[in-house]
Amino acid sequence: MATSGLNANDKNSVSPPLWLLAELTYRCPLQCPYCSNPLDFARSQQELTTEQWIEVFRQARELGAAQLGFSGGEPLVRQDLPELVRAARDLGYYTNLITSGIGLTDDKIVLLSDMGLDHIQVSFQAADEEVNNMLAGSKKAFAQKLAMARAVKAQGYPMVLNFVTHRHNIDRIDRIIELCIELDADYVELATCQFYGWADLNKAELLPTREQLQRAEAVTQQWREKLAQQNHPCKLIFVAPDYYDERPKACMSGWGSLFLDITPDGTALPCHSARQLPIEFPNVKDHSIEHIWRVSGGFNHFRGHDWMPEPCRSCDEKEKDYGGCRCQAYMLTGDAANADPVCSKSPHHDLILDIRAQAQRTISDPSRLVYRNEKASQAIIARG
Ligand code: SF4
Ligand code: SF4
């Protein structure tokens, strides 16, 4: 891979990419209809080799990266995961495996722990076996996840569980939290679906109503109070969808600010959804990480504030939210430079109001969900 040819001034002008996400593969045995992977992931068959990944880790660490997440697809599909974990540990990263638990075994957990893996997050689709397996597109997924969550804890890791909530499971949030307590979880992320990739395709079937969301938040708060009274260590983190907010999220804490995502084929992105934008993003096979982060057009496109049109340009909140999410602006308005339509100051905010109204009118029908799999991705590619 290339090395950088920057001068000292260039090198000092941009903060380091503290958070490196390695999307090792788009292969995954599950088919979640809310997966944030690109709709055309089937196009991307090439994956970086073990040596190329380790070189990415080395260069990013040199630039200041400290946290490394192994993600995908399902990262356990990569047979070289233990080797990659060892290399990351030797470089001094704090490492996190983000997994569905499918493909994990007791022996693999021990091996990954021996290689120096710091943290494992296991995701569930629901607390009910039938719903979980329906959403995962696998009859065996739930039992495997339960066994592996317990095995992760038995190996001495904190139990970190992630549930993506949406219209089809959010009314069972009580049961989700009960399951987490039964499993002796330490941290639970109850993350309401955000609408990128396959989730955006399935938005009408996934977006909860405002009432569903408010009830779920209230139930979570009641559980927090109950757990606090019992001095229970489990922390419940509730992430609401920004579609019901009046201000957008500070997406990635700012474009090219601290987050660096490397996709399976080596394309470098400032967030995992950015590939859909009409911007040319660099590849680690052609450029050094330093060039990608500090100099490349893709990473400088929306850095800072100079690119902002009104109303963000003269807004006194722009330091807080950076104008929101560029992908959301692009998906909803066709122009990634627009203010995120979630913002009530955006001239496009009516698009969000329409989506909320549509959610109120929708009568759920899970048979309309499009599952994320190779066949569906090929069909989407063929349709253009
Ligand atoms: S969201 Fe589901 S389908 Fe997508 S990578 Fe994760 S487990 Fe696989
Ligand atoms: S106008 Fe732009 S900067 Fe101001 S709050 Fe809305 S999105 Fe944020």
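Cβ atoms are placed via backbone N, Cα and C, with glycine included.
Bear in mind that TrEMBL entries carry predicted annotations, made automatically and left uncurated.
Remember, it's a predicted structure, so these values are computed and weren't measured experimentally.
The following features are taken from TrEMBL:
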| type | residues | note |
| --- | --- | --- |
| DOMAIN | 14-231 | domain 'Radical SAM core' |
| BINDING | Cys28, Cys32, Cys35 | [4Fe-4S] cluster binding site |
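Mapped onto this structure are the features recorded in TrEMBL.
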{"residue": "Cys28", "record": "[4Fe-4S] cluster binding site", "Cβ neighbours (10 Å)": "24"}
{"residue": "Cys32", "record": "[4Fe-4S] cluster binding site", "Cβ neighbours (10 Å)": "24"}
{"residue": "Cys35", "record": "[4Fe-4S] cluster binding site", "Cβ neighbours (10 Å)": "24"}
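Summary of the [4Fe-4S] cluster site environment: with the site residues Cys28, Cys32, Cys35 set aside, the chain residues having Cβ atoms within 8 Å of the Cβ mean position are Leu30, Gln31, Tyr34, Asn37, Gly73, Ser100, Trp198, Arg372.
Per-residue pLDDT, averaged over the domain 'Radical SAM core' (14-231), rounds to 95.
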